[in-house]
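Trainee: Here it is: the structure, laid out below.
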């Protein structure tokens, strides 16, 4: 599938969807507290999305790697869960949990996608360092989202930041194009081993989701028994941050920032 380039008018539409994503994600993150279930957060996200006249992008979405549709608006991954954690009534957040929330929305035919990781209550120094590193990796990567650079330059920025902190970047998972759909070409890897021969050049008009996923212990993952949740293979903590970014002649523009 070809990489789509968007006009300024289309990027403004993606920005509107992305701003809804940012607002909803902010509200959900504020409600991450010990004793709250991940299903409670799911209900907040659905209500806030509907209030803004948008639709959750993940709810009912069938990704290429699955035979079934995703049954929720949010992906909520806790502690050793990296991505695609299913919200559940019985999944109750505890003090010190590292909680990653990934959310996408569609508004007026265009999508936005973002993720944030927060700590419920007071977290360990190690968890706080992991969040700091992952967030830094995101912004270092965004700086490389310039016309003429390659996707792999974004990957290297993520990888080098992780290495500086002594952390790992997750293999086989990463960012992607965003626009008319929530997931488009190109794939934007987090781990340099995934760059490969397909390393497209960035061009003005591309819109991509950059989403570092770091772990304290390993780059390898395993799938949980629910068919969705991806965990670190060694059970170590993971964190995930994401922004939707437009590549313009003036530089990267973060569309999912409030």
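For all residues, glycine too, the Cβ spot is worked out from N, Cα and C.
Taken from Swiss-Prot, the feature substrate binding site covers 84, 183. According to Swiss-Prot, the feature divalent metal cation 1 binding site maps to 102, 113, 242, an assignment based on sequence analysis. Residues or ranges marked as divalent metal cation 2 binding site in Swiss-Prot: 113, 176, 211, 242.
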Trainee: Using all protein chains shown, find which of the binding-site residues 84, 176, 183 scores highest when you count other CB atoms within 10 A of its CB.
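Mentor: Selected residue: 84.
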Trainee: Work out the three-state DSSP category of residue 211 (divalent metal cation 2 binding site).
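Mentor: Assignment for residue 211 (divalent metal cation 2 binding site) reads coil.
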Trainee: Enumerate the residues of the same chain, 102, 113, 242 excluded, that satisfy the criterion Cβ within 8 A of the mean position of the Cβ atoms of the recorded divalent metal cation 1 site; list them in sequence order.
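Mentor: Near the divalent metal cation 1 site, the remaining chain residues are 21, 75, 103, 104, 114, 115, 209, 211, 240, 244.
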Trainee: Report the residues of the chain - excluding 113, 176, 211, 242 - with C-beta within 8 Å of the mean position of the site's C-beta atoms, for the recorded divalent metal cation 2 site, in sequence order.
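Mentor: Here the non-site neighbours turn out to be 102, 114, 115, 175, 178, 188, 208, 209, 210, 243, 244.
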Trainee: Taking only the Cα atoms, work out how far residue 211 (divalent metal cation 2 binding site) lies from residue 242 (divalent metal cation 1 binding site), in Å, as a whole number.
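Mentor: Between the Cα atoms of residue 211 (divalent metal cation 2 binding site) and residue 242 (divalent metal cation 1 binding site), the distance comes to 4 Å.
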Trainee: Pull out the binding-site residues from the set 84, 102, 183 whose C-alpha sits within 10 Å of the C-alpha of residue 176 (divalent metal cation 2 binding site).
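Mentor: Hits: 183.
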Trainee: Return one of helix, strand or coil for residue 84 (substrate binding site), based on DSSP.
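Mentor: The residue in question, residue 84 (substrate binding site), is coil (DSSP, three-state).
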Trainee: In the structure shown, which of the binding-site residues 102, 211, 242 has the fewest other Cβ atoms within 10 Å?
Mentor: 102
Trainee: Among 102, 113, 242, these being the binding-site residues, pick the one whose CA is nearest to that of residue 183 (substrate binding site).
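Mentor: Closest candidate to residue 183 (substrate binding site), judged by Cα separation, is 113.
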Trainee: Sequence gap of 6 or more, C-beta under 8 Å: which same-chain residues meet both conditions with respect to residue 113 (divalent metal cation 1 binding site)?
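Mentor: Once residues fewer than 6 apart are set aside, residue 113 (divalent metal cation 1 binding site) is near 18, 21, 57, 102, 103, 104, 178, 182, 209, 242, 244, 256.
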